[in-house]
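Heads up, the thing below is written out as structure tokens.
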Amino acid sequence: MKLKKQVTVCGAAIFCVAVFSLYLMLDRVQHDPARHQNGGNFPRSQISVLQNRIEQLEQLLEENHDIISRIKDSVLELTANAEGPPALLPYHTANGSWAVLPEPRPSFFSVSPQDCQFALGGRGQKPELQMLTVSEDLPFDNVEGGVWRQGFDISYSPNDWDTEDLQVFVVPHSHNDPGWIKTFDKYYTEQTQHILNSMVSKLQEDPRRRFLWAEVSFFAKWWDNISAQKRAAVRRLVGNGQLEIATGGWVMPDEANSHYFALVDQLIEGHQWLERNLGATPRSGWAVDPFGHSSTMPYLLRRANLTSMLIQRVHYAIKKHFAATHSLEFMWRQMWDSDSSTDIFCHMMPFYSYDVPHTCGPDPKICCQFDFKRLPGGRINCPWKVPPRAITEANVADRAALLLDQYRKKSRLFRSNVLLVPLGDDFRYDKPQEWDAQFFNYQRLFDFLNSKPEFHVQAQFGTLSEYFDALYKRTGVEPGARPPGFPVLSGDFFSYADREDHYWTGYYTSRPFYKSLDRVLEAHLRGAEILYSLALAHARRSGLAGQYPLSDFALLTEARRTLGLFQHHDAITGTAKEAVVVDYGVRLLRSLVSLKQVIINAAHYLVLGDQETYSFDPGTPFLQMDDSRVSHDALPERTVIRLDSSPRFVVVFNPLEQERLSVVSLLVNSPRVRVLSEEGQPLSVQISVHWSSATDMVPDVYQVSVPVRLPGLGLGVLQLQPDLDGPYTLQSSVRVYLNGVKLSVSRQSAFPVRVVDSGASDFAISNRYMQVWFSGLTGLLKSIRRVDEEQEQQMELEFLVYGTRTSKDKSGAYLFLPDSEAKPYVPKKPPVLRVTEGPFFSEVAVYYEHFHQVIRLYNLPGVEGLSLDMSFQVDIRDYVNKELALRIHTDIDSQGTFFTDLNGFQIQPRQYLKKLPLQANFYPMPVMAYIQDSQRRLTLHTAQALGVSSLGNGQLEVILDRRLMQDDNRGLGQGLKDNKITCNRFRLLLERRTTMSPEVHQEQERSTSYPSLLSHLTSMYLSTPPLVLPVAKRQGTSPALRSFHPLASPLPCDFHLLNLRMLPAEDTLPATDSALILHRKGFDCGLEAKNLGFNCTTSQGKLALGSLFHGLDVTFLQPTSLTLLYPLASPSNSTDISLEPMEISTFRLRLG
């Protein structure tokens, strides 16, 4: 009844507009001054104009009448079938394009002004060191520095330590890559297990010995294979401080390409394992090998309750500058932080590497002589041709003096008289002889030094935390507090160069196929975690937990660990040997399939009308998977739904916490299909043929695209029936432009295709928000015009190719060393274009030799319709030392500034620096990059991590793939020749600035920037598409299904449910508690936010968790540290929580 009223009102409104238009026109003619001058006689031209306009009005009235009739017919049919929400009804407008009537519902809830204050900033003190400013001010001149080639000569007076002894901590460590030259398992078998076995026996020989370990993935594998006796010994070594687990993540993650979901997840997995098995809680971070450092990591470590951290791979010029200004140790603060709550103490290692020659002091020739693995007769030696000597009574005085000189020089670079000296390298201490050589010789040196009061030195073995504790004690502060006089720093340490102009910016793109697969696995893991947690909570509440497959928890655990393993700094980076990449790929695919099973099992339980009838049968799953991959390096193939006389059902999962209106595309085997909602209403669908190439249709496969409104984190149900063409089945129209290429185009009688041989002029596709223009010759995007603006905005896509240098040093897996600026991509033959238009989406597909591009525009209200969906299927397997790039040219006046995200967590402003080579101006882009001026912002959202830059005014440029034939001398020993056909997916969002132009807050704008709410949602729409799960065909009647609405009320727009993750009782079974991890996003209110189709608002960071989940009670709630090791407050009866902008908060939660 309510729907009838709405339609009647809508139709009446259209009729009124038409009549009023006619009245105005007649009125204008009546008051025409020319008419009065002519004594009331109409000129013939006026009469013909009036006649034309009356005819147009009659046509419009007729169209409106037709629309209203169709709506009435639809309403009658709908109300005859069922009650429920109205369907979207598209119609043709006078100019032949499609339009969709707006839904009779609020399209936007306003944002509270208080929630806009955060992005304006201006609070708190500015840090002394802002990395953007440091980079602008540094000359990057690479002056020869003597024995410390990238530094300077260091001098001291022997009296410098008369008042306070130099305290030296030598920290033995072994850096174990979970895959690089060898696979994870091969490293474990051949090296890592021997390191850890020797550690247990060798540390127990002398309580003064210490050892540092970081990678829990290896440690957990070893733990599973050792005796109870050895486990007890390990616990004792941890308890007495001889063995320290630093950071405690599953791996030492890459900080450029990894998404913050995965960074948090691998940290939780490691910390939970340590707590459960060792009772250990990490205190200090240790990141010696990631290729550049993100400011997201110090935030995560601080929120996990770590107090200190160490980093190593920072641009050599920055290291030199910080060494000269005694700034190598600092409080690292987040850019938005106004009260120092995010501060963490950070130590930056000053020299070239973390190996022994570069850690005792500035002279590697001397330091190498104190790496006792290199004693004569061993397998490795010192490149400086002076070998180590075993320490004896006869030489200890000379050798100790030589080493002390290095210690003293190194200590002059720091503000305290406490010195850190790491002692280790990759896979060190794998043989008992090395343990003996290092520990015996160093102990003799320490004993000698410590026996001489005149040296004013105390040297000993130590752990990283012992070093930090001694520093805090010396400076008179509590652990983690800011020592007096130490600087505060904000910003990040990208991009990294280790020497000359060798910038490690290639790995931002290397092996993009696996960077994409990583994010697919991540989205599936989050979706599976949430659905499993909800299904288990409902099953337990209903007393049905015994029937539910709790064993799925083992699959979740394995997937967590697979995703964690792939965050390793030689995995997601694309910098491992080919065989190791295959091993990672096989693991990723296995976990992806497992997660689809977990999702299917949870969705099955949650959509059943009668859950008492649920039974788990692994042999015959209730739901099919949405897609499948024939191998780890193949693109997915979507499941085709076979229609016959009986209805088929489809369950659609929305992994977003917000309700979404999206076009869901299904593949079916018949063009004659009717789609019904859960309530039995027919839904309008756009039907298209399915193409296998530019001109070939796939026989008997059709794409059905239906707009569906899905509940947040919920499950929708659709019914498919075979049907003759009805009013709800709307065909796409297709044009193919051959551009003179001799090709035959597939044809089907049911789907006419218009073929244009040549001479195509520019053309456009459009929706309610914009008109998008393309070149008729190239098929590439040219411009965008918003419907409410006269002016077109330049938005030109160009493909480019980079070569590599002809000199000895060439690009490889790590390095980007281009031979010159990029050259335009020149195709061997003109492209074939295919334009598809229909009621719910229109798209332009362009086929070139090395890529094919599909740019799609959704004709929907809200988030989906406000950006361009772009995908590029890239195949450069015939390239030799070339890289393919996409450049976007705009008329935005960006003035050399652009913005890239760090780990999908925060935005970092960047400045194009002309003094640096081209490759230095590239940065990681895991999620988005944007340019802006005082009027507009253009954001490129990405579904996979790639390298990005802005090399010219108004430009954004992204490297899509790279094929390189040689090693770049960083240890890998291979080029990048295993390229795959890769699909890179993007969203292009153009926004208009409505308030607060960047100049108003210029200082603040330099150091911080935030996406809009629309941009945040667009990013999530791209990275978490709906999952389409067909109900498997079975004998007999299908059980009744219902949609699943888990949230009783919408989450605030700026809240992101990062994860709802069951905690382990053990590796294979869940506990009763789960971890709820929420992130409140910072956003810029100054970009247009009217009628954008959000069904949410903001709430000043407040959320009532107790009433959030429909049908479930929160029976226990406790705020904890990020990884749940530390309770932050007692469990409370109140379930109301509050988050500050940008903060991630974790809660121990019990649902029942």
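Each Cβ is built from the backbone N, Cα and C atoms, and glycine gets one as well.
Here is what Swiss-Prot says about this protein:
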type	residues	note
TOPO_DOM	1-5	topological domain 'Cytoplasmic'
TRANSMEM	6-26	transmembrane segment
TOPO_DOM	27-796	topological domain 'Lumenal'
COILED	43-74	coiled coil
BINDING	H175, D177, D289, H569	Zn(2+) binding site
CARBOHYD	N225	N-linked glycosylation site
ACT_SITE	D289	active site, nucleophile
CARBOHYD	N305	N-linked glycosylation site
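Features recorded in Swiss-Prot, as mapped to the structure shown.
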| residue | record | DSSP class |
| --- | --- | --- |
| H175 | Zn(2+) binding site | strand |
| N225 | N-linked glycosylation site | coil |
| D289 | Zn(2+) binding site | coil |
| N305 | N-linked glycosylation site | coil |
| H569 | Zn(2+) binding site | coil |
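Listed in chain order, the extra residues whose Cβ falls within 8 Å of the Cβ center of the Zn(2+) site residues H175, D177, D289, H569 are N176, W180, M252, V288, P290, D426, H568, D570.
For the glycosylation sites listed here (N225, N305), the lowest count of other CB atoms within 10 A around the CB belongs to N225. The most densely surrounded of the binding-site residues D177, D289, judged by C-beta neighbours within 10 angstroms, is D177. When Cβ neighbours within 10 Å are tallied across all protein chains shown, the highest count among the binding-site residues H175, H569 belongs to H569. N305 (N-linked glycosylation site) and H569 (Zn(2+) binding site) have their C-alpha atoms 23 Å apart, to the nearest angstrom.
Between the C-alpha atoms of H569 (Zn(2+) binding site) and N225 (N-linked glycosylation site), the distance comes to 26 Å. A Cα-Cα distance of 19 Å separates N225 (N-linked glycosylation site) from D177 (Zn(2+) binding site).
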